[in-house]
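Dropping the structure in here first, questions after.
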């Protein structure tokens, strides 16, 4: 399958239901859940009917607060209003609905199918909007129930967070957004360490996290059940890193996902949960060991099976001897319908034999069936655990997938940690459970090298951009020990602390946001490094020169024309640009609360040429900003874009070479050309001289 058809296939699955014909029957599943009594009386048929129905598509608006508000405004005013009036084949289309329990209308669901999308140009435009905004990271396709755990963690910008089983990364993205609740703070004190055991899935995680351009995220690759304890420098001495918040979304049998993953219907057996219970418990134990006293850990699964849910929580509470307690989260998500956790359950073998008590299990079964899989026998102990505080989400209650979530609060150190005082860092770090040897086999990541304060790279950067004295030079890193540094990345000082103190024990896949990239022949423009769009919101607060304040009209020109003359800018921006020499610039839009224009700040990287100016913004991001400014952007299906790309690469001078570097970097593949409804062109039609630069003066 070619790249383009794969892209098309991927885009089609972003929005709308499309399901293969498969028999949605599993008698063992029905028998098992009927016997367990997990569904309220009289509702079992509704429960099963809901399980057989396709899952509504759900989206979450991602990104930071003011930008998210603009996307919501665009969705509601431009698309949802029109859809409400729409009829196809005599049927009124049901407009998307906001999830009642998700804050600030930032999550929506709809039953619009692909079949219907094809019948309406209006819905096709809506679909393109969703696909494009998903690709640029401003919208995430995420199952509704999967959005719950991060909300229950109650994240604050100062929190140190561990996401133990993070891939594919939609929950991780939520955590990062919450850290950056205040857009005016480029470096929140907190950070997210996102872990996954699967090396390939770690790169999926990197892709998700990168879209948020945060200096406060690190992706690591470990088995969560033996993820290493990390050290940090604290007031000159080594200390253990304990996390304020931990998300423990463990591998599970996934029977809550049958509406989406239809192969679960034929694969489901009771032995899945029996095989997973031990791993789930080990991961949860490792999590609470690394949780700070007073911290919260959310344990979640997309399974309805008590063996993977309440059994793990009960075993964890029992092991903790009072160090952990279940938090009452009943008032945290008003509007969410959920069932309380159960206090009794049975266990069934794949042959169909039931056990309700460990003492009845024959010794021949002791390897598959463990005592922790059963409810505690002591009624007093069971009552004190408050398992009813766990939350079970059933599919037929709010048209979602099935889900289980429990919020644990740590009241004291774990009993087995009390033997290891906090000062004896090395003892605690080297103690079990990490029984498996950490294999660095096949681990070939480039190194993470921090620059020194007197690195010569800084001399020209400092003077060219007039960096403020509080610029955190020591937080800059590169990915090479030798040769020319191609890209410079920035991390928060807290993540720098983690990286410097754990390089031997930690498999880091990715961290840092790119802030500068080397130009080809950049020195002749005054600085070898140009700004990178990914890191502009992080680094711009420290830049005091090379900034042009632009208007909404200026941004439209810069994003729809490839290389406009300086004279195309409005008077204010034109005057500022004329005073600057050639080279990298920041194009900054500051919202005016008195006007109807977008109320989110916009910062773009650009290049001041001899007579022209351009924005260095990846294509999907261009579409995003244009939509925020009210320009209708959509693609035709003629494949014109490819021809334009080929033409653009011919006959470039040095200035254009620099521009090409940036244009290629991070730009997404787009099928066909753009149509801009306000009549704007994406490429400039100005005359050019033989070398490719525009002739006339500013």
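Every residue, even glycine, has its Cβ placed from backbone N, Cα and C.
Sequence annotations record features per position, and here TrEMBL assigns active site, nucleophile to 302. Marked as S-adenosyl-L-methionine binding site by TrEMBL: 165, 166, 167, 168, 169, 170, 171, 196, 223, 249. Annotated compositional bias 'Basic and acidic residues' per TrEMBL: 639-663, in sequence order. According to TrEMBL, the compositional bias 'Acidic residues' annotation covers 664-680. The compositional bias 'Polar residues' annotation in TrEMBL covers 681-698. The region 'Disordered' annotation in TrEMBL covers 639-698.
Let's see these features in context: how buried, what's close, how far.
Annotation for residue 302 (active site, nucleophile): spatial neighbours 145, 146, 252, 254, 256, 257, 401, 402, 403, 404, criterion Cβ-Cβ under 8 Å with sequence separation of six or more.
The local packing around residue 165 (S-adenosyl-L-methionine binding site), expressed as other Cβ atoms within 10 Å of its Cβ over all shown chains, amounts to 24.
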Would you mind checking how many other C-beta atoms are within 10 angstroms of the C-beta on residue 169 (S-adenosyl-L-methionine binding site)?
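Other Cβ atoms found within 10 Å: 28.
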